[in-house]
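Undergrad: Annotations per TrEMBL:
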| type | residues | note |
| --- | --- | --- |
| TRANSMEM | 12-33 | transmembrane segment |
| TRANSMEM | 53-74 | transmembrane segment |
| TRANSMEM | 86-113 | transmembrane segment |
| TRANSMEM | 119-138 | transmembrane segment |
| TRANSMEM | 187-205 | transmembrane segment |
| TRANSMEM | 225-246 | transmembrane segment |
| TRANSMEM | 258-277 | transmembrane segment |
| TRANSMEM | 301-328 | transmembrane segment |
| TRANSMEM | 335-353 | transmembrane segment |
| TRANSMEM | 359-380 | transmembrane segment |
Amino acid sequence: MAPESKKLFNIVILGVAFMFMFTAFQTCGNVAQTVIRSLNRTDFHGSGYTSMAIIYGVFSASNLITPSVVAVVGPQLSMFVSGLFYSMYIAVFIQPFPWSFYTASVFIGIAAAESDRRTVFIALTVISLVGAVLFFLIRKPDPENILGDDDSSDGQDLEVTESAQNTMTKAVDAFRKSLKLCVTKEMLLLSITTAYTGLELTFFSGVYGTCIGAVNKFGTEEKSLIGLSGIFIGIGEILGGSLFGLLSKNSRFGRNPVVLLGVLVHFVAFYLIFLNMPADAPIAPAEGTSSSAYIRSSKEVAILCSFLLGLGDSCFNTQLLSILGFLYADDSAPAFAVFKFVQSICAAVAFFYSNYLLLHWQLLVMVTFGFFGTISFFTVEWDAAAIVARGSDYRSI
């Protein structure tokens with residue numbers, strides 16, 4: 001297989017594998033609190049929010065050591081083992097126990113009726129395992145033989161030794177750069193925006209679906225609406241990602257208009273959710289809530305808000321990734337490590353307080369961070385071209 005064909009093949013395999021894994025995991029996360037809440041009627045007692053808080057908390061810390069782990073065991077084995085941990089977490093829902101539920105949540109950070117529930121989570125586990133196994137289909141690039149035949153054996157041994165040393169050195173350097181990068185002006189400002197993406201990630205991936213499933217006034221369709229909500233969140237993400245991600249290269253107006261659109265879309269969604277959902281929906285018991293919202297709870301408005309949440313999230317993420325790649329083009333790995341660290345730790349905090357805060361307080365927290373996060377992004381974007389032009393200090397970190 002030609003080198004270019006091999007690269008394309010690997011990209012396709014990676015895409016399909018991650019599609020399988022995260023289809024299963026995101027579906028599981030979307031319904032986790034609702035499923036666990038129904039199981040609390042039995043001998044099982046746990047919280048889907050707490051589980052996701054553990055996942056993102058460990059994930060945030062793992063971002064600091066992941067480069068070193070990958071350098072030692074290699075990317076292919078790392079992804080496969082991580083896929084097994086994802087599958088293990090999903091499999092716990094087949095027959096959950098509190099100790100196994102929270103233990104699996106730790107490992108995943110490093111990397112309805114009873115019969116219906118088991119069938120669903122068995123299917124999700126299999127889907128996730130298929131994605132993990134697909135990583136073994138990734139083909140390694142052909143080594144370039146630039147040595148003569150007589151020196152090839154000794155040269156290859158020397159090359160392997162130097163390659164391993166260089167990889168470990170790069171991993172340590174990336175770790176140091178990530179720590180130094182955290183205190184630069186640009187990254188501190190972007191961290192506010194990143195923190196907001198972590199908070200709203202928690203809301204649309206775990207809390208909002210739970211709210212929909214808890215509203216008794218939706219009738220017998222309340223639980224099925226959770227899946228429909230996830231579909232429309234995905235539609236919003238796909239639309240925004242394709243529109244603002246692929247087409248932003250030709251934009252003459254920069255990134256700020258897209259971020260402004262994203263925050264306005266989210267604020268509209270938050271306001272509609274505030275009006276449409278009872279305040280106690282996130283922490284309602286297994287029986288759901290019959291409390292009244294400010295308006296008559298509408299299924300159509302609830303699904304519209306799902307779409308708006310996905311669309312707004314895609315606006316922020318595409319532009320954050322774009323500006324990080326622009327500012328730190330020479331060595332982007334430390335910048336993205338800081339990005340994932342801040343986002344994950346904020347998601348963990350949000351999942352933790354979701355166990356206790358009423359809906360309107362959660363919305364207020366997101367509105368506050370969304371406002372200041374947008375202002376901080378604008379500040380960095382206005383200076384981005386000048387920063388790169390003058391060769392900012394971050395290039396020498």
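Quick reminder: no glycine exception, Cβ is built from N, Cα and C everywhere.
Just so you know, TrEMBL annotations are computer predictions that nobody has curated.
Let's see these features in context: how buried, what's close, how far.
TA: When Cβ-Cβ distances below 8 Å are used as the criterion, the transmembrane segment (187-205) is approached by residues 26, 29-30, 52, 56, 181, 233, 259, 266, 306, 309-310, 312-313, 316-317, 320, 323-324, 335, 338-339, 342-347, 349-351, 354, 362, 365-366, 369-370, 372-374, 376-377, 379-380, 394 of the same chain, each at least six residues removed from its ends.
Beyond the transmembrane segment (335-353), the same-chain residues lying 6 or more positions past its ends with a Cβ under 8 Å from any Cβ of the stretch are 49-50, 52-57, 59-60, 63-64, 66-67, 174, 178, 181-182, 187, 190-191, 194-199, 201-203, 206-207, 320-321, 324, 327-328, 362, 365.
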Undergrad: Residue list, the transmembrane segment (301-328) vs rest of chain: Cβ under 8 Å, 6 or more residues beyond ends.
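TA: For the transmembrane segment (301-328), the far contacts come to 186, 190, 193-194, 196-197, 200-201, 203-204, 208, 212, 215, 218, 225, 228-230, 232-241, 244-245, 248, 255, 258-259, 261-263, 265-266, 268-269, 272-273, 276-277, 334-336, 339, 377, 380-381, 384, 387-388, 392, 394.
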Undergrad: Can you work out which residues elsewhere in the same chain, 6+ from the ends of the transmembrane segment (258-277), have a Cβ less than 8 Å from its Cβ atoms?
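TA: Residues packing against the transmembrane segment (258-277) from afar: 193, 200, 208, 211-212, 215, 240, 244, 248, 251, 293-295, 297-298, 301-302, 304-305, 308-309, 311-316, 318-319, 359-360, 363, 366-367, 370-371, 373-374, 377-378, 381.
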